[in-house]
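Worksheet: the structure to be examined is printed underneath.
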């Protein structure tokens, strides 16, 4: 069952098409990486899901309800971490955590203590004195300390140091084990690669690719580096092979995943001395999606 | 070998000033046109009204010699001349206006920038340590001088003599200059822009009240206030320039203090430091109403203390009001009674004006309180709340409710202040109920202004500035409505125009209830609009 289903959603701000016929599906119990560069529409999508923005057209379903009409009811079952956290300057961090948790309908005391400790956050400091990273931690603790079915995390680790980033990843795995669904918007690809079951890449308000990391890789080329007894002069003739480069007995080329078998068979007839093949990293996938050249 | 240009602690002031003018290309003209225009219109309205020597002489004896006039405008000299009358009529709006203008403008470009972190970005460029302060200073000075110049020109246009005009304009401009310096000290002390606004605003209020009390009592207290120094230049009297030296010396002293404080503090720091808070939220923070209350607590306490003291001061003046009858027999004729009846009529007129004046001030509170909705939205904090099961209706209703309840509490507090001040000064404590009730007679006017702000927020969030325009319009109507001869259609925009002028007139139920109903309707319209629009700026 899908927890989030956006279909053909359009949202414009004046002349700007923030969401341009966007489709997005997030399944129950998955960590869904939502990737895209700045301004691609990630935060707008999340705000439509939160019922803060009203879509101009298209259909949106979240947790079985309408995010605009049933906003307050649906919010009982979700927790949200904004990308740019702003807190009431005259409240302490601990007060902010309690306020948000109470509004959400209560919090798990043990989890609150545990999260404060894990994220090494002093709850007695007034919000105006927190650094960006510490404000982010307040929002994270507030979200993670309450039990929810769905977590909407909008670039939740911006401003966190690597130790805290590791704690965050740990916490996400725990939530997933408990059966929660997580939409993780990010442009930190390593984070998405580590956490996400499925990934959607958004570009100019439109989801251009969606699937598991393996599926996305399958859609793209694998880089092969081989040394053979006899030079692989005929490799370019194999369908699906791109940009072959031959240096004596050493050959490198990219091959479409569907033709990997044929290419390896062709190499095998030449006497393989060494063979290395690596699927594209998420970064390469991402950059390719944006039409950049990826060094092999 | 190339040498880079030398940098000093004020390098980059020019760039900053250009940035300030670009950012305020609407705000500054609104202040100058709004305040300057009001002064021009008032100055030009006086001569046609006082076109015979008899009328001018009457003004000196009646209008300019009331405790209200002393309290609000001080003891203006030359009231038997047209110049003195013009000065007396415009000085309340002009003096308070120029002070509040520099306070808002200077805080906006100094502490507010530093608090937001934008100044940090600028400071990383080739910018001297004191450049931002100096730019704020130059901006405040320029704005004050501009208002002084506009005032002088409008007085000349009204046909007043050059010497008095120059003296008055200079006094007004230097008052703005002095409060620019006050504001620059305030922004060194507080780490938040709101705190700095509160400190500087309180300094304006204290200066204004001290001058007013000194004028009523006719004693040396006036010389403790910059307002008194500006007035002490005796424009349209025997024009003396030495009090200008007091204003300049005061300014120099405060600027030196500000520079010293600035040199001894960290970027973003202040002298009033932030203490740690509780690790857990109290019971108050369990509901949207409680949260909205807590967010506004500082604002509320500040206003409550300020308005209580204001009420006390005004209340303390009441027992001296009847003395006017004794000292000025014409006043009895003017109020159309004699003996006890005349005294009572005079006290009632005074009380009625105080109720009205304090209600107008409360309008400023209620608008800033309701419009917290807008700043919460812009800061992204509303988003975090609305991501919880709290509905938009309950969030907006809570914040609006807090503002309207607070306005009601403040109204009671102002009335109590009046009663306590009166009680302390006269030893009579039987006026508590009438005075609180009297102040409450003006409450719907305050509430409807808050409701207007709520309606604007819900329906046209970009137009919330109109709520401030409404407050300004109401202030002009109340203070200058008669002088300007505003047509009824314009005066009717002010809710107070519809309410009975208690205690001079008897309380009227119909306008009172009508305004309360209008308040409810406006709030409902705002809630309706808010449910339908995008909740965050795109």
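Positions of Cβ are set from backbone N, Cα and C atoms, glycine also.
Here TrEMBL flags B:28-50, B:90-110, B:131-160, B:166-189, B:196-216, B:241-263, B:299-321, B:350-373, B:394-420, B:440-459, B:466-486, B:509-530 as transmembrane segment.
Touching of the transmembrane segment (B:440-459) and the transmembrane segment (B:350-373) is concluded from the presence of at least three CB pairs under 8 A, sequence neighbours closer than 6 excluded. Taking every recorded stretch in B:28-50, B:90-110, B:196-216, B:394-420, B:509-530 and counting its Cβ pairs under 8 Å to the transmembrane segment (B:466-486), the highest total belongs to B:28-50. Between the transmembrane segment (B:299-321) and the transmembrane segment (B:28-50), the number of CB pairs under 8 angstroms, six or more residues apart, is fewer than three, so the stretches are not in contact.
Outside the transmembrane segment (B:90-110) by six or more residues, the chain places 20, 23-24, 27-28, 31, 35, 38-39, 42-43, 72-74, 76, 132-133, 135-137, 139-140, 143-144, 147-148, 151, 172-173, 175-176, 179-180, 182-184, 186-187, 193, 196-197, 200-201, 204, 207-208, 227, 230-231, 475-476, 479-480 with a CB less than 8 A from a CB of the stretch.
Sequence-distant contacts of the transmembrane segment (B:196-216) (same chain, at least 6 residues past either end, Cβ-Cβ under 8 Å): 67, 70-72, 74-75, 95-96, 99-100, 103-104, 106-107, 110-112, 179, 182-183, 186-187, 189-190, 222-228, 231, 298, 302, 306, 309-310, 313, 317, 320. When Cβ-Cβ distances below 8 Å are used as the criterion, the transmembrane segment (B:28-50) is approached by residues 21, 56, 59, 82, 85-86, 89-90, 93-94, 97-98, 101, 104-105, 143, 146-147, 150-151, 154-155, 157-159, 472, 476, 480, 483-485 of the same chain, each at least six residues removed from its ends.
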